[in-house]
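Let me begin by presenting the structure, written as structure tokens, before commenting on it.
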Amino acid sequence: MSSGIRQVSVLGSTGSIGVSTLDVIARHPGDFSVFALAANRSVDALLAQCEQFKPRYAVMADEDAAEQLRARMAQVADTEVLSGEQGLERIVTAPEVDSVMAAIVGAAGLPSTLAAARAGKTLLLANKESLVMGGHLLMQAVRESGARLMPIDSEHNAIFQCMPADGQARPKLKGVSKILLTASGGPFRNWSRADMSDATPDQACAHPNWSMGRKISVDSASLMNKGLEFIEACWIFDVGPKQVDVVVHPQSIIHSMVQYVDGSVLAQLGNPDMRTPIAFGLGWPERVAAGVAPLDLIATARLDFEAPDEGRFPCLRLARESVATGGTAMAVCNAANEVAVDSFLGGGIRFTDIPRVIETALGQVKVVEPTDLSVVETADGEAREAAREAIGALSH
Ligand SMILES: NC(=O)C1=CN([C@@H]2O[C@H](COP(=O)(O)OP(=O)(O)OC[C@H]3O[C@@H](n4cnc5c(N)ncnc54)[C@H](OP(=O)(O)O)[C@@H]3O)[C@@H](O)[C@H]2O)C=CC1
Ligand SMILES: CC(=O)[C@@H](O)[C@H](O)COP(=O)(O)O
Ligand SMILES: [Mn+2]
């Protein structure tokens, strides 16, 4: 690449996206350098990453974990250890930083993602929950600061690649008629509601095509992941909900499509490996190698498509209704889902209770205009409370 070494801060570096990001960076030592790494509590994993990448800073969101990391860092690298939200803000706003990989899971990622956008960085956005919660604030921050938002979520990265090059944020002006958002259907694509009600966390996390963290894996199984991505597409590409169709495509080879007014449909294809969208985001506007095997179409043999079944998968409907309601409804939907998924993973509720908990929270929490971060955080808190109460009522 031609434009000098890019300094990257990786948030959520010990997770699935974080590890894939570091894998791509390690392939291009002359192009990218790790400025900072951040995680929550995985001290051993972060220490090993510091040993390999020698970042200037390492951040642990958890204060005790930061103390532990600090105590062990001196033997490993000359890396300064920071902690908490302040530490995260520092590593995304530092003047040396070019790109921020936002790959913290869940609502916890919103403040640092927003800070990176406000600081005008190239924002490599994997943390879809921050956009679902605070889309209005985040997109406004991107516009006002001149930050560049590069979608890393595989579908949105695919859509970005299929959009007209100079019209990625304003498709309405460039002959785009629809975004076709593909969904694998998840591990329960052919399961009945009755079977899903007995599903275990490990069954829900056994995604047919992708290897991912447990929260997003459960979201894929419930189709809430597609609901969150539906909202994400509306924000990133500035389109209304009627311009986004969900298409179930079980092979996860087509990562999404863009349909134009002349009848053309452009698709982005590739093996299901997140290093492809990550390399695209890191290298843009150039292409850099990602370590991903070339797609073998003959071995793939067939590409299937079907309509999503919102009767068996009500989470997709709930997410679409949240967009239609607008305001803080999307933050409520996201927060209630996080609480419900956490409870399901911990054995507290059934898989089929997840949409029931979300629907209860959406019915209870007052929706307002998301004028600033504190309004969004209040809605998030109220939704969590409502979801916890709904879970309590289910277990009686
Ligand atoms: N995995 C994938 O293929 C894809 C993921 N995404 C999105 O990317 C994001 C990350 O997903 P994934 O990598 O699967 O998740 P993982 O669960 O694998 O990793 C989560 C990362 O976030 C860190 N983390 C968790 N809570 C906090 C916190 N409060 N403060 C700071 N760091 C925290 C974890 O640190 P620790 O290890 O210390 O817990 C870990 O590094 C999600 O929003 C997901 O929806 C989008 C598309 C694809
Ligand atoms: C890799 C990625 O982007 C995930 O969000 C993936 O899309 C999950 O697949 P489904 O939600 O379509 O099952
Ligand atoms: Mn996705």
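The count begins at 1 with the first shown residue.
Just so it is clear, glycine is given a Cβ too, placed from its N, Cα and C backbone atoms.
Quick look at what TrEMBL annotates:
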DOMAIN    8-135  domain '1-deoxy-D-xylulose 5-phosphate reductoisomerase N-terminal'
BINDING   THR14, GLY15, SER16, ILE17, ARG41, ASN127, GLU129, GLY213  NADPH binding site
BINDING   LYS128, SER154, GLU155, SER184, HIS207, SER220, ASN225, LYS226, GLU229  1-deoxy-D-xylulose 5-phosphate binding site
DOMAIN    149-237  domain '1-deoxy-D-xylulose 5-phosphate reductoisomerase C-terminal'
BINDING   ASP153, GLU155, GLU229  Mn(2+) binding site
DOMAIN    269-385  domain 'DXP reductoisomerase C-terminal'
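Using GLY213 (NADPH binding site) as the reference Cα, a 10 A cut-off selects none from the binding-site residues LYS128, ASP153, GLU155, ASN225, GLU229. Among the binding-site residues listed (GLY15, ASP153, GLU155, HIS207, GLY213), ASP153, GLU155 have a CB atom closer than 6 Å to some atom of ligand 3, in sequence order.
Proximity to ligand 2 (Cβ under 6 Å from any of its atoms) holds for these binding-site residues out of THR14, GLY15, SER16, ILE17, GLY213, ASN225: ASN225.
GLU229 (1-deoxy-D-xylulose 5-phosphate binding site) sits 23 Å from THR14 (NADPH binding site), taking the C-alpha atoms as the reference points.
Proximity of the binding-site residues ILE17, GLU155, GLU229 to ligand 1, judged by a Cβ distance under 6 angstroms to any of its atoms, singles out ILE17 in sequence order. Spacing of THR14 (NADPH binding site) relative to ASP153 (Mn(2+) binding site) is 17 Å (Cα to Cα, whole number). The record assigns LYS128, SER154, GLU155, SER184, HIS207, SER220, ASN225, LYS226, GLU229 to the 1-deoxy-D-xylulose 5-phosphate site; their largest pairwise CA distance measures 18 Å. Its own atom aside, the Cβ of GLY213 (NADPH binding site) has 17 Cβ atoms within 10 angstroms in the protein chains shown.
For the binding-site residues shown (ARG41, LYS128, HIS207), fewest C-beta neighbours within 10 angstroms: ARG41. The average pLDDT the prediction assigns to the domain 'DXP reductoisomerase C-terminal' (269-385) is 98.
The subset of binding-site residues (GLY15, SER16, ARG41, ASP153) lying with their Cα within 10 Å of the Cα of LYS128 (1-deoxy-D-xylulose 5-phosphate binding site) consists of ASP153, given in sequence order.
Across the domain 'DXP reductoisomerase C-terminal' (269-385), the DSSP tally of helix, strand and coil residues reads 67 helix, 2 strand, 48 coil.
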